[in-house]
Ligand code: EPU
């Protein structure tokens, strides 16, 4: 096990290039198994979740060649067998194997997903979708068994506009008979990315990115080449880190439109932001105003940036209120930030944050974004070394975090625990 050591107090400066999106990649890799020939994914992030997915696909009989940021997946020899339990348990997004296997084989056996446990994360809307398409879904000894004689298109209204359920239904419906309409669909950019891949594979999907998605089922899908969209959450995290350290950083290889909510909020605080076609420059200023933030579904402020934003708000004057309307209890970073001297209390789904300096401490990342929050907090500390354990969570979502931060001038290193 390793821990991250951070000797803070240095403004981040320079340029960072953002990798492909984790939350796209872990849906696109299972999507590839719906094809009958090779799918090539470019701009893939180097993350532990991606490695676990490659392992799962290989165990099922697919040929996977992963080199740098490219993965070639030849699913032609893939078999319909129960998912290997070990790797599946490590992943939250292993649930995409349900939609993908169901779409390809009309059956699947998948262990209940693992991943970041910041609060109970139900999959009832995924299951509602599979059942509406004609599948029988049972939970036997901790594994979900799905089976359908035939998948038939239908209209599905999601009670909550869930990213995972929207993508899973698209996967299962792409090769179903007839048309499926998803109402109250999630609109996140990653959903458009999955629809783009499936359409390049021969699927007929319209309306991705709006609340109504129409999927015209086709009998077969073929291979293709697809480049993954940039990771807006990684980009937002570096924007926040740049501002928190009063630095000056160009965040490159991004889609600025995906970052509108965080950009607007940071400008409201007094951070100077310049937008270009594929990059954003963030310049810190000596003092920031307090703001209120509400994490919502896209295009609202991303819940995945809520924890990192908490760290930035400790650097603002006065009292900020940060509420999460997607996950009401995603505040595992707060007690750790308090150990670093932050004045934060949680009330219901809100964190109330009073600005002030932080101090070095030994803290533990309990989930991926909580980890990012602690790293940012450590970067702001003038004296002493902050130690962050739970690095395995951070590795699930941040490609080359340490080398990127070091390139930006931070004094950060990994050390054995
Ligand atoms: N929900 C239900 N029933 C369901 C599914 C979701 O009630 O069947 C609720 C959830 O409890 C939550 C809300 O709906 O309150 C939204 O959940 P959603 O399904 O959209 O989340 P997800 O698909 O499980 C993805 C990302 C998360 C990100 C959320 C929200 C992946 C693998 N994960 O999760 O990313 O927070 O969307 O944008 O794509 C992360 O990257 O750190 C992360 C946790």
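These residue numbers are counts, starting from 1, taken along the chain as shown.
Cβ from N, Cα, C; glycine included.
Summarising the annotation, TrEMBL assigns active site, proton donor to 116. Positions annotated as phosphoenolpyruvate binding site by TrEMBL: 22, 23. The UDP-N-acetyl-alpha-D-glucosamine binding site annotation in TrEMBL covers 92, 121, 122, 123, 124, 125, 304, 326. Summarising the annotation, TrEMBL assigns domain 'Enolpyruvate transferase' to 7-404. Annotation comment: TrEMBL describes 116 as 2-(S-cysteinyl)pyruvic acid O-phosphothioketal.
Between the CA atoms of residue 22 (phosphoenolpyruvate binding site) and residue 123 (UDP-N-acetyl-alpha-D-glucosamine binding site) there is a gap of 20 Å. Residue pair residue 123 (UDP-N-acetyl-alpha-D-glucosamine binding site) / residue 23 (phosphoenolpyruvate binding site) shows a Cα separation of 17 Å.
When pLDDT is averaged over the domain 'Enolpyruvate transferase' (7-404), the result is 96. Taking CA atoms as the reference points, residue 122 (UDP-N-acetyl-alpha-D-glucosamine binding site) and residue 23 (phosphoenolpyruvate binding site) are 18 Å apart.
Here the Cα atom of residue 124 (UDP-N-acetyl-alpha-D-glucosamine binding site) is found 20 Å from that of residue 23 (phosphoenolpyruvate binding site). On a Cα basis, residue 23 (phosphoenolpyruvate binding site) lies 16 Å away from residue 121 (UDP-N-acetyl-alpha-D-glucosamine binding site).
Neighbour density at the Cβ, taken as the number of other Cβ atoms within 10 Å, is lowest among the binding-site residues 22, 23, 123 for 123.
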